[in-house]
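Enquirer: Below you will find the structure I want to go over with you.
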Amino acid sequence: MSIDADFSDYEDEASGDENVLPNTTTKRKASTTSSKSRAKKASTPDLRQTSLTSMTASEQIPLVTNNGNGNSNVSTQYQRLTPREHVLRRPDTYIGSIEPTTSEMWVFDSEKNKLDYKAVTYVPGLYKIFDEIIVNAADNKVRDPNMNTLKVTLDPEANVISIYNNGKGIPIEIHDKEKIYIPELIFGNLLTSSNYDDNQKKVTGGRNGYGAKLCNIFSTEFVVETADKERMKKYKQTWYDNMSRKSEPVITSLKKPDEYTKITFKPDLAKFGMDKIDDDMVSIIKRRIYDMAGTVRETKVYLNNERISISGFKKYVEMYLASDTKPDEEPPRVIYEHVNDRWDVAFAVSDGQFKQVSFVNNISTIRGGTHVNYVANKIVDAIDEVVKKENKKAPVKAFQIKNYVQVFVNCQIENPSFDSQTKETLTTKVSAFGSQCTLSDKFLKAIKKSSVVEEVLKFATAKADQQLSKGDGGLRSRITGLTKLEDANKAGTKESHKCVLILTEGDSAKSLAVSGLSVVGRDYYGVFPLRGKLLNVREASHSQILNNKEIQAIKKIMGFTHKKTYTDVKGLRYGHLMIMTDQDHDGSHIKGLIINYLESSYPSLLQIPGFLIQFITPIIKCTRGNQVQAFYTLPEYEYWKEANNNGRGWKIKYYKGLGTSDHDDMKSYFSDLDRHMKYFHAMQEKDAELIEMAFAKKKADVRKEWLRTYRPGIYMDYTQPQIPIDDFINRELIQFSMADNIRSIPSVVDGLKPGQRKVVYYCFKRNLVHETKVSRLAGYVASETAYHHGEVSMEQTIVNLAQNFVGSNNINLLMPNGQFGTRSEGGKNASASRYLNTALSPLARVLFNSNDDQLLNYQNDEGQWIEPEYYVPILPMVLVNGAEGIGTGWSTFIPNYNPKDITANLRHMLNGEPLEIMTPWYRGFRGSITKVAPDRYKISGIINQIGENKVEITELPIRFWTQDMKEYLEAGLVGTEKIRKFIVDYESHHGEGNVHFNVTLTEAGMKEALNESLEVKFKLSRTQATSNMIAFDASGRIKKYDSVEDILTEFYEVRLRTYQRRKEHMVNELEKRFDRFSNQARFIHMIIEGELVVSKKKKKDLIVELKEKKFQPISKPKKGHLVDLEVENALAEEEQSGDVSQDEDSDAYNYLLSMPLWSLTYERYVELLKKKDEVMAELDALIKKTPKELWLHDLDAFEHAWNKVMDDIQREMLEEEQSSRDFVNRTKKKPRGKSTGTRKPRAIAGSSSSTAVKKEASSESKPSTTNRKQQTLLEFAASKEPEKSSDINIVKTEDNSHGLSVEENRISKSPGLDSSDSGKSRKRSQSVDSEDAGSKKPVKKIAASASGRGRKTNKPVATTIFSSDDEDDLLPSSLKPSTITSTKASAKNKGKKASSVKKQSPEDDDDDFIIPGSSSTPKASSTNAEPPEDSDSPIRKRPTRRAAATVKTPIYVDPSFDSMDEPSMQDDSFIVDNDEDVDDYDESD
């Protein structure tokens, strides 16, 4: 027995041969005398004194009585009892009730040899006195780990119970103060214990000094026997009659070392109202002995000298569960964990009621307590995590989850507190346990994978069904509370099965449906509008369904009954459900969601033929006279259009939605219901699987494969009498899913998503080289590109295209003029769009060459020509800027790569060389990117130790934003539940683009950080995978790319084919120009020689004569936006209406007949011959070039421009970092300590010159590049003097970063031709608009572009960027210069500033697209404005039918063309005087 547990509780008996030590009479007398003397001094008798006398039980416990007269004796009324008397008088306070009690509990069935949970009748007090002894025996294991045996002997017939344990015995010596033996002290005297020192933390069962004394008091005989190996003595003593009498202790010597404690007692059954220990009591005691076998570690437990087979807590739990399982069932799986030396925990799934079996310091806490709640709450929380994710039914609370938990706990608690002396419930606070029970992830994961989650979800489903049943409809003729319902008159009556409920897409569609009801009547048709899209009930939670107004309204209107299986529709208020939505992708989705709702909730209804109907309306109507063609899908219309001369001669009307139809249209639809009402076929078995595949989240992988089957052009055939559900899903619903993917996943060719492509298209179309507000640009883009998703979304798209901080775009196609966001918050800190301005980046047109624009496949949306299917840039932009998006069934992530690496690999491919391995690369990132697996990279920031407890962080992993790091440091500074405090302080020294934290750690924090590495501690590494690179290929099919090389190869093939097409187109255009120059020269020559007379002749006669003389008819060349599709469409509409002019021949010869009179000269003739030869030379040179050579030329141009950009970025980064370091150094000089990593050099990969970088960094006196004037596109491209090519008339410059010649705006330009570079350097224009001069911003982004390029060439030729004789073809208002100067004035005032004229009124212009002449066009060097007499080419002016100077229309001219002399080039633009006519087809224009 344990002396630590409760020495007051033990006396012993042992077996063996030993000598009886003589106890002298003297000593006995001394002992007696001493006891008597103490008794005399005491005010009341002491237990030791009373124990020496023999008394009956009635004599020991005086009773309070009243006299016969009813007058009480005050002295007998108020009494003081001894502690022993109080225990006997009030036993419930100490041992619980002494009356028989019936309750259900676990007992041991000896016949079945297993535990059994049943109702038993027992006396709690008797059970308690036995439990006190056996717990003390178990406590000895704590005091002496060598204890390995515990024996219990139970003899109900003889009414004897004995409990034996080996291990350390009770010291056999006399107590110094009490002068009696310690065994007698602790077993025969109440309130004696070894557990009163509260400063000593103990994990034993004894606590209050009662324990075994209670057993002694309620026994007729109580024997203590113990052996003390240290003193080689054995002690035995007996108490009788409820501890009222005792024998003298018998102390003998041990023959051999031994130690044990044994208690034998005979319960006073009379006190418990019993005459013997009955079977129920025996079964309880036996179960308690089994408890000890399971909870006392490494101890053999015997019952009546037979060892119990249970060993260990897990086996004990399995015994419990096996006993609780029916014979034909498998017992619940036990999930067990030995947490630590003080905690053993096991879990099993319960049957709907929380169960627990628990022990505290070997005490059976049958009612649980704080220890059980502590463990159970942890388990419930873990289960709740899974349930919340998977439960779509009724919400489940923690206590409801707990009902499915069965927990077993065996723990040791320091100085435990209980609710009473019966110790059934632990009340100790968790904080005072003295240990923690931290359940491992493995243990909790095993619980999550068990059937407990399934059981909880079943409960949630049952609860949801019960709640949903409350809203069941019925066959009611009148429904209230749904004001938007237009109810059928016969709904809910005996004719309800004939009624049709029309569900419309919105209120406007409802009004149209109601107007149609005037044709068919209101008796059998009802209408109810849906607000937006119906809820996806398959993925919705119970509360979402219960609170969804549309779902509940449909259920109420139709009269649905939850969980009912329908065989007919007679019990419904409506026998049919008809869907009326727009014939677009969203309308298809709504139909699918309604089908999904019915299949998920009432699948039997879909098996009833004719129950579900859809109402179809045309999406396009084509009319020609009395003929009408209606189309219900766009692909169907496209097929018809291709087969019918592109729809020429037909009037085409697009019906965007039901709102486009008017009331007359709707009445006509309802007049022909057989055509417009399409019944769905009864649902087949495979249909249910398809519906689940389309809408269930868990079917994502299957949905991917389904979407792979999509082929553009498929459509729903509405000529069928019935629509199969599988056809609807595979032909119509799939188009909605693909539309979602198309919005979210980029093209592999241009790397753009549709929204981004719309922005790029509009900016190219408007040549947006001057900034405009983002908010306004978003409106323009949405309007002109048929964008259907709101301007806010478009504004964000524009902002994303312009962002250039680390981790965003490697090449931003738009300029971020304003606060477009920084790496501090990953761009989320961008200003509102109304404060932001943007324009095209100079690199945009280098990457997206304008010569490709006319080769693209432009799309048409409802008759409006919009962006192409994809652009074909010279680099795969999907690799340059990466991609990320989530669609339907598919998501994508493609990292950014270095444009220089991409360019190098493209060169290798063009030259037939092997490719180099490419690693992800982010512009401005200075950390490291390391390949750790074939499809995985590790991205690391930079951290260095700069002091004993100090570190410096100068780079973060990609997309680990500065604010994220700051929040992590804050958490480490104050400490949180997940992060212990390990930081003393930190400082921030970073600017907009760089990262710089100085962090001071605690001593323990630094030690911990170094142990696990600074990189890990500060989360400075992340992984990036290339295993999900998804994009649309050139054919519009979604495709997964296994490697970067796969993307590069596919792009290479598409791009090379496009170069071949570009060359063919340019050759064709040069041939046309050659024919025009040749015919114009012959025309002038014939007039000069008198072979052709044009005066005094009618135009039609002249045309006849021109045909006779074999002059070629040449139509006006397309201009402006290369392929003006909108104009083409307008012409097509005119053709349909029969308004096209029949004088086509007149237009075809305008290039001759519109030539100005002054051009009919010999000089002009010679000039045209020369131009013809130049075009021929250019054509010959172009024909010799291969597509690969054209591509290589463009790559050269890009690399030149890219290097300039990287140089600017490099200088800015160096300056920003140096600024932060200078500030730190000025504040306090920081000594450098041990470095845990190598700092990356500050130079950025891709920089053209590291020497220049070093020089810039070291020169403190050199002015910052941020003060330099922002470079315009003209300045960017005009830094060196060009020279005409030796073999063709193409101008090239060494500084031509765009790879564009002076001829760029003319179709003859060939970017693929080489030329020698030998011109003199030419100064950029220094003139800046006074307004712009003071508002230039530091060069922090790619330099801003401008609308033209200035060049000095050998032959001056004036050229405009367009050639049209119509006023509508003048330069768009958005491109008109703000200041117009006269060429004439320039010519007369050499070197002097020309007079200026004001531009047109603001009403005629769009402010956002004004090109200020001073900033858009650089000044040219000075030469004579007047051409010499022998000049082959006089100055050519802007062509127009009307004298341009009369209306003073400002004409923008690119000053790079040859006819411009130096004085005129000093002016930014010019107008044509009214006394000159110009040739509408002069190539110099």
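Backbone N, Cα and C define each Cβ position, glycine as well.
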Enquirer: May I ask you to name which of Ser841, Ser1433 Swiss-Prot has annotated as phosphoserine?
Expert: Ser1433
Enquirer: Ranges 579-588, 859-868, 989-998, 1019-1028: which does Swiss-Prot label region 'Interaction with DNA'?
Expert: 1019-1028
Enquirer: Out of Ser671, Ser808, Ser1279, Ser1345, report back the residue that Swiss-Prot marks as phosphoserine.
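Expert: Matching Ser671, Ser808, Ser1279, Ser1345 against Swiss-Prot annotations yields Ser1345.
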Enquirer: What residues in the same chain, six or more past the boundaries of the region 'Interaction with DNA' (388-392), come closer than 8 Å to it by Cβ-Cβ distance?
Expert: 453, 456-457, 460, 539-542
Enquirer: So, in DSSP terms, is Ser793 (site 'Interaction with DNA') helix, strand, or coil?
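Expert: The residue in question, Ser793 (site 'Interaction with DNA'), is helix (DSSP, three-state).
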Enquirer: In the predicted model, what is the mean pLDDT computed over the region 'Interaction with DNA' (388-392)?
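Expert: Averaged over the region 'Interaction with DNA' (388-392), per-residue pLDDT gives 80.
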Enquirer: Which one is it: of the recorded sites Lys533, Asn536, Ser793, Arg834, whose Cα lies the shortest distance from the Cα of Asp582 (Mg(2+) 1 binding site)?
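Expert: Checked the recorded sites Lys533, Asn536, Ser793, Arg834; minimum Cα distance to Asp582 (Mg(2+) 1 binding site) goes to Lys533.
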Enquirer: Give the residue counts of the region 'Interaction with DNA' (1019-1028) per reduced DSSP state, in the order helix, strand, coil.
Expert: 0 helix, 5 strand, 5 coil
Enquirer: Let me know how many other Cβ atoms fall within 10 Å of the Cβ of Lys704 (site 'Interaction with DNA').
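Expert: Step by step: centre on the Cβ of Lys704 (site 'Interaction with DNA'), count other Cβ atoms within 10 Å, giving 16.
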Enquirer: Under the DSSP assignment, what numbers of helix, strand and coil residues are found in the region 'Interaction with DNA' (388-392)?
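Expert: Its residues divide into 3 helix, 0 strand, 2 coil.
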Enquirer: Which has the fewest other Cβ atoms within 10 Å: Lys533, Arg703, Lys753, Arg834, the recorded sites listed?
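Expert: Minimum Cβ neighbour count within 10 Å, taken over the recorded sites Lys533, Arg703, Lys753, Arg834, occurs at Arg834.
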Enquirer: Rounded to the nearest angstrom, how far is the Cα of Asn536 (site 'Interaction with DNA') from the Cα of Asp584 (Mg(2+) 2 binding site)?
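Expert: That separation, Cα to Cα, works out to 19 Å.
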Enquirer: Can you tell me which of the recorded sites Asn536, Lys753, Arg834, Ile886 is spatially closest to Lys704 (site 'Interaction with DNA')? Compare CA atoms only.
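Expert: Closest by Cα: Ile886.
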Enquirer: Please name which of the recorded sites listed here, Lys533, Asn536, Arg703, Trp961, is nearest in space to Ile886 (site 'Important for DNA bending'), Cα against Cα.
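Expert: Nearest in space to Ile886 (site 'Important for DNA bending'), counting only the recorded sites, is Arg703.
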Enquirer: So for Ile886 (site 'Important for DNA bending'), how many other CB atoms are inside 10 Å of its CB?
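Expert: There are 13 of them.
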Enquirer: Looking at Cβ-Cβ distances, which residues of the chain lie under 8 angstroms from Trp961 (site 'Interaction with DNA') while being 6 or more apart from it?
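Expert: In sequence order, the residues whose Cβ lies under 8 Å from that of Trp961 (site 'Interaction with DNA') (at least 6 apart) are Gly807, Arg823, Ser824, Glu825, Gly826.
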Enquirer: Can you tell me which of the recorded sites Lys533, Tyr787, Ser793 is spatially closest to Arg703 (site 'Interaction with DNA')? Compare CA atoms only.
Expert: Lys533
